[in-house]
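These come from TrEMBL:
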REGION    1-120  region 'Disordered'
COMPBIAS  61-72  compositional bias 'Polar residues'
COMPBIAS  103-113  compositional bias 'Basic and acidic residues'
REGION    206-225  region 'Disordered'
COMPBIAS  212-223  compositional bias 'Polar residues'
DOMAIN    265-618  domain 'Kinesin motor'
REGION    289-322  region 'Disordered'
BINDING   Gly365, Gln366, Thr367, Gly368, Ser369, Gly370, Lys371, Thr372  ATP binding site
Amino acid sequence: MERQRSPLLQVKVNTEPKTHLAKASSRLPLAGSRLKRGLEQMEPALEPAKKRTRGLGPSAPLSTASQSQTAVQKLPRKTGPCPPATALKNQRLAPTVPAQKPAELKRCREKAQTLHQENQQLRDQLQEAQQQASALGMERSSLEGELAQVRAQAEQGQQQLGSLSARVLELEERLGTQEGLVHVLRKEQLELQEERRTLTTRLEGQERRLQASETALSSSQAEVASLRRENEAQAALLAERGDRLHGLEMERRRLHNQLQELKGNIRVFCRVRPVLAGEPTPSPGFLVFPPGPGGPSDVPTRLSLSRSDDRRGTLTGAPAPPTRLEFSFDRVFPPESRQDEVFEEIAMLVQSALDGYPVCIFAYGQTGSGKTFTMEGGPAGDPQLEGLIPRALRHLFSVAEEMSGQGWTYSFVASYVEIYNETVRDLLATGSRKGQGGECEIRRAGPGSEELTVTNARYIPVSCEREVRALLQLAHQNRAVARTAQNERSSRSHSVFQLQISGEHTARGLQCGAPLNLVDLAGSERLDSSLALGPGERDRLRETQAINSSLSTLGLVIMALSNKEPHVPYRNSKLTYLLQNSLGGSAKMLMFVNISPLEDNASESLNSLRFASKVNQCIIGTAQANKR
């Protein structure tokens, strides 16, 4: 809404000269970008009024109000209609009454004060307008910058256009025949001169680089000579260290063999399997494991078995008290023993095969005592249940890889056969060769050779655990088993896993070779406790007789070797005949006697313990490594 103008302002405006009204009305309104210029022009218009105001004295506020009113008229805002000129004339010509001057002067001062306030408001509006003008000035500067940028782009376009025009002129000049040819020849001359200068500069640079290269070559030749001398010194030191390392390795083998001999070339371990699910729990005093010689912290080496004999009795007719039998071995493994604990005890013996000593490990015991679990392990896929065969080969592969850093290279050839009813069968046979056990015979490897081989049996090179695992799975499927009164699936044959190890140190011309035999013997139960049920009773009887005969021959061979008898009955059994090179004085032998924790099997367990005790008392001569 338009602000209502005060009467005093109207009177003051009417008293102004008409020329001032014309000037003020001519300056209104100012719009857009011309606002700043209008404000600048406003100041000179106010200057006469300011001078008159200084001359009036007390009436100065009235002059200031007139100046403010004039500035307001210059701004772009709506103003009320001006009074007519006749009204101004009448007011100017009216006489002034002296009696009314004080009161009128008071009213004028009040109105002047009011106008002063309005003047202050107008000044604030003027300041706001100046700020708007400043913003518009900044916008103008921005637009001027953009205009300058556009002009610069235009100038750049003009330059490019000029460059293109120059190119066009150059092409037009080349079209000339005579003048163009002269121009080209002169240009070529200049280019050749420039190229000559360039080549001269490059030649100087190449000469400087050549000198630097010759200096670097001389330095490199001196460094190469120094490195050659250092290499020769290192080679000599390496050869010296190699000789020392070889000497230490030979000393290690000697001490290792001496340690094994101190433990005994024939050692016997006893292992008691845990009670399986569904089996009766034995009485607490049936099997007792006394602590070792060093106290409870020492490994056990003794086993005590309690046995009651119903045939014995007292004078009063009461049954006799049970008798306790004590057995001592090189190591006794209670039912809670793990597979890794068992292998840790024989790991050093297995390593003797890499040193060139024949090694033979047996698992002996009745059916169901845990022989196959000890040798082959439990279900596939559980590394905690792996048996001695996979663990032994993993250990051999690992040690052979370490020995390769000392110049030794090893090769491994595996075979797996079973002896069933004194017939040799290949457990690694596949396809049409399965079941053709009669074709396998034990023969000498060659004329004058002491090495024995099995004809028509597969000898497979192995180099990793995966290959060994596949062989064990194939042999497990081919092995002869049957149901007996003591075990639903009893091994009815001796299985012999043979690993022929060959080592060579090419730099020193050394060779060594020895077999590692891991044997899972058939069940050692007597005839009356393993009779099979069903129509095949006669076949089971013949199997048991063959098994017991071969086990008896094994005991006789060990006793003959211990007593150093001139004749050792190797040929009385296919088992001892096949293993004769691993049972003699140059071999190391270990027997696991596996027994059942059940009281029902006490009789068979006692027979196994007695047989193992006899073997444990045998002493065989010092082992000799097979080296060339």
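In case you wondered, yes, glycine gets a Cβ from its N, Cα and C as well.
Sequence-distant neighbours of Gly365 (ATP binding site) (same chain, 6+ apart, CB under 8 A from its CB) are Lys371, Leu521, Gly523, Ser524, Phe592, Val593, Asn594, Ile595, Ser596, Ser608. The sparsest Cβ neighbourhood within 10 Å, among the listed binding-site residues (Gln366, Thr367, Ser369, Thr372), is found at Thr372.
With a 10 A radius on its CB, Gly370 (ATP binding site) counts 20 other CB atoms from all the protein chains.
The 10 Å shell around the Cβ of Gly368 (ATP binding site) contains 24 further Cβ atoms across the protein chains shown.
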